[in-house]
């Protein structure tokens, strides 16, 4: 069985819905909006500048594919991609990760309010909720594995 970490935390395989050789995506413990997921390199590196070219490319190609699927699945009409790269940028987990958040018109009064929400402390959801979402997302990537994004 594969062991996956997000920073210092062991991630249950049931929370992961997408993997490549170099990246993985997981559902978010404390989502800002429905469909808020994270994509990370498998290698734990603290900053974007620490990624290899291959990891950087794979991470963003994965983000592109994941965003397309979650936007459609959660009936969004836009995506917010967010990276907090370094402590002074708001990074709280020293493992590069991209927040992928499906958006809808008027989901916030001010569009940029989402960045404040990412920074706020939020209530964690249950592992059962996370596993349910992950199990809904996982087959969508099988269905779309040959689709060009």
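Every residue gets a Cβ built from N, Cα and C, even glycine.
Record features (Swiss-Prot):
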DOMAIN    1-115  domain 'HIT'
BINDING   28, 84, 90, 91, 92, 93, 99  substrate binding site
MOTIF     95-99  motif 'Histidine triad motif'
ACT_SITE  97  active site, tele-AMP-histidine intermediate
REGION    120-149  region 'Disordered'
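Locations of recorded Swiss-Prot features on the structure.
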residue: 28; record: substrate binding site; Cβ contacts under 8 Å, 6 or more apart: 36, 37, 38, 99
residue: 84; record: substrate binding site; Cβ contacts under 8 Å, 6 or more apart: 90, 91, 92, 118
residue: 93; record: substrate binding site; Cβ contacts under 8 Å, 6 or more apart: 6, 7, 9
residue: 97; record: active site, tele-AMP-histidine intermediate; Cβ contacts under 8 Å, 6 or more apart: 6, 38, 39, 40, 83
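Cβ neighbour density within 10 Å is lowest for 92 among the binding-site residues 91, 92. Of all Cβ atoms in the protein chains displayed, 21 besides its own lie within 10 Å of the Cβ of residue 99 (substrate binding site). Residues 28, 84, 90, 91, 92, 93, 99, recorded as binding substrate, reach a greatest CA to CA spacing of 17 Å. Residue 99 (substrate binding site) carries a strand DSSP state (E or B).
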